[in-house]
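Student: Below are the features I grabbed from TrEMBL:
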REGION    1-29  region 'Disordered'
DOMAIN    72-200  domain 'Cytidyltransferase-like'
REGION    295-382  region 'Disordered'
COMPBIAS  298-314  compositional bias 'Low complexity'
COMPBIAS  333-342  compositional bias 'Acidic residues'
COMPBIAS  357-370  compositional bias 'Basic and acidic residues'
Amino acid sequence: MKMTSRKRPHEHEEIKTRTMKSAPPPTFSKVQPAPFSEDEQAVAALDLCDYSVKITLEMAQNDTAHRPVRVYADGIYDLFHQGHARQLMQAKRIFPNVYLIVGVCSDSLTHENKGRTVMDENERYEAVRHCRYVDEVVRDAPWTLDDEFLNKHKIDFVAHDEIPYSAGSSDDIYAHIKARGMFVATERTEGVSTSDVVARIVKDYDVYVRRNLARGYSARELNVGYIKEKTFRLQNKMDELKNKGKKVIENIGEKRQDLIQKWEDKSKEFIGNFLLLFGREGRISHFWNEGKGRIRQALSPPSSPPRSLNASSSSRRHYDSGPPTKMVRYEECADYSSDDGSDGASQDETGDDEVDESRHDGKTLEKAGDVAETNGGTKTAF
């Protein structure tokens with residue numbers, strides 16, 4: 001009788017799925033840095049290598065060799081960057097099973113053949129051995145490779161870019177390696193090199209000096225003069241003020257609409273006040289007109305008061321008619337002289353009569369003037 005399992009058909013799949021979820025994910029990073037060639041770990045790997053069997057390029061590509069293929073790459077690796085890491089990655093992956101050995105040149109050899117470096121040799125050694133593609137680091141590597149060095153480290157292939165690398169009288173220091181079929185080519189990363197990085201620093205020299213001064217470096221450490229230092233520090237202060245201004249603007253970004261509305265209201269109020277003062281009907285124009293009138297009044301002479309029509313006409317009459325005739329007055333005087341022999345009337349009555357007669361004479365004179373004007377100045381009425 002065939003026994004059937006009581007487990008559900010998909011129970012095995014669930015167990016497998018839970019097992020896969022609980023397992024840690026695969027990792028490709030190395031926990032420890034690569035050893036140096038004289039370290040015990042590197043020496044042990046060298047002893048296990050059977051270098052008596054020559055590994056051809058075809059064997060390395062097809063992974064038919066019975067041991068890891070020992071590939072060597074060398075360089076200066078100053079300011080270790082992604083271009084260096086990509087070159088070492090290509091060398092590591094050039095065959096299915098590769099033990100990558102990286103040689104780093106010393107300071108004295110580099111300064112003699114290429115020039116000054118930014119990082120010293122110990123810094124460059126440490127930078128390379130912490131790259132995850134590297135299995136071993138050779139310190140004080142030679143500038144050119146000879147058979148003694150290749151046999152000492154049991155090197156099967158040398159990895160480098162195909163561009164000829166000249167040194168001294170040699171047009172290509174890897175020419176003999178290529179002739180023996182031990183050369184494998186890697187590709188350079190365009191636009192990324194140590195020279196490019198140095199050129200960027202030189203181009204933005206002021207920026208980096210200012211940054212380091214702001215971080216606490218002294219002018220002596222940066223080889224900067226006194227005046228240059230003060231200039232850089234002033235520029236740093238200006239940048240700080242600019243950054244604070246930008247932050248303030250960013251903080252008030254949410255209140256922008258309210259600020260715009262307030263600005264519009266204030267601008268309208270300002271324009272209204274301006275027109276009230278300086279407009280055509282404004283206060284300034286009113287004050288100016290009043291002041292201008294006062295100035296004109298002060299500078300112009302006062303006009304003579306107007307004379308009445310009667311006064312002018314009477315004066316004109318007297319001027320035209322000439323002095324009045326006193327014929328009537330003479331007759332009155334003759335009358336008075338004829339009455340001298342009468343009993344003397346009181347002098348008071350005589351005085352009153354003289355006043356009345358003088359008034360009568362005045363009226364008579366006015367009538368005489370009118371007659372004179374109407375008759376063209378004729379005086380026969382008298």
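Just so you know, glycine gets a Cβ as well, placed from its N, Cα and C.
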Student: Provide the three-state DSSP residue tally for the domain 'Cytidyltransferase-like' (72-200): helix first, then strand, then coil.
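Tutor: Going by DSSP assignments, the domain 'Cytidyltransferase-like' (72-200) contains 45 helix, 26 strand, 58 coil.
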Student: Report the mean pLDDT of the predicted model across the domain 'Cytidyltransferase-like' (72-200), rounded to a whole number.
Tutor: 94
